[in-house]
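Take a look at the structure below.
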Amino acid sequence: MPTVRDLQAMAGEEPITMLTAYDAVTASIVDDTGVDVILVGDSMGNAVLGHDDTLPVTLDEMASRVGAVARGADDALVVADMPFLSFGAHESESIQNCGRMLKEEGANAIKLESGPHTVELTERLTELGIPTMAHLGLTPQSVNQTGYTRQATGREEAEEILDLAREHEAAGAFALVLEHIPANLAAKVTEAVDIPTIGIGAGGDCDGQVLVFTDVVGLSESSPPFAEQFGDVRGEVADAVDEYIDAVESGEFPRESHSHTEDELDDLY
């Protein structure tokens, strides 16, 4: 299993791959492929739980999913995404919630959707041995403020992201997620910091890339413009279910090999 230090050593040397997973089966599949990092994202809210956004995801839901993924993954670094309002209001509560993901559920690190308010928390978590990944740019938990739109389209906001990247690095963040920002800004952030940058809709100059699993394999009904579909699992699943229904309705399933009989039961009445 790679450590945070191993991941940092990859920056600028070898592209870092990160995918989301929300259950043990998916985590096992993703882990077997050799992906470097599995993010148990609060994207589960709209990816698999049927919500319109990530805001309804609870701490207990996240904890359950993190535990499942940690049990399914043997080699990848497992990062727990801290859900909306599970951090930030009170430092002690934030630390307890983040620590729970490592101590009770088996995560290796946590991720915070970041801003000026998370710099001090990142420093404190790092001091306590809780590796922390920062997330800048489009932060879905702020959807009611910013929407799901491109971020840092102007110079002032771009400078703020660059400053926040440096501040979170200084506070001890071990990596940065950069979401839906201009590629040339992401390149400048990557150049400005010594910790890995992992992009999603942020161009190819980041040290790594992350996407949502359901987008990658083609399970999502719709995907953001920066996602790429590499398979059609939704279609394959639908085909398999159609075949199952046809087999049951036609009497082809179950076959004799799918059940057993006991001779002594033949004379029951």
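Heads up, the Cβ atoms here are built off N, Cα and C, so glycines get one too.
Just one of D23, D60, D81 is listed by Swiss-Prot for the same 3-methyl-2-oxobutanoate site as D42, S43, K111, and that one is D81.
Residue counts of the region 'Disordered' (250-269) by helix, strand and coil are 7 helix, 0 strand, 13 coil (DSSP-based).
One residue stands out among the recorded positions D42, D81, E113, E179 for having the most other Cβ atoms within 10 Å of its Cβ: D42.
Within the same chain, residues at least 6 positions away in sequence whose Cβ sits under 8 Å from that of S43 (3-methyl-2-oxobutanoate binding site) are T20, T54, D81, P140, V212.
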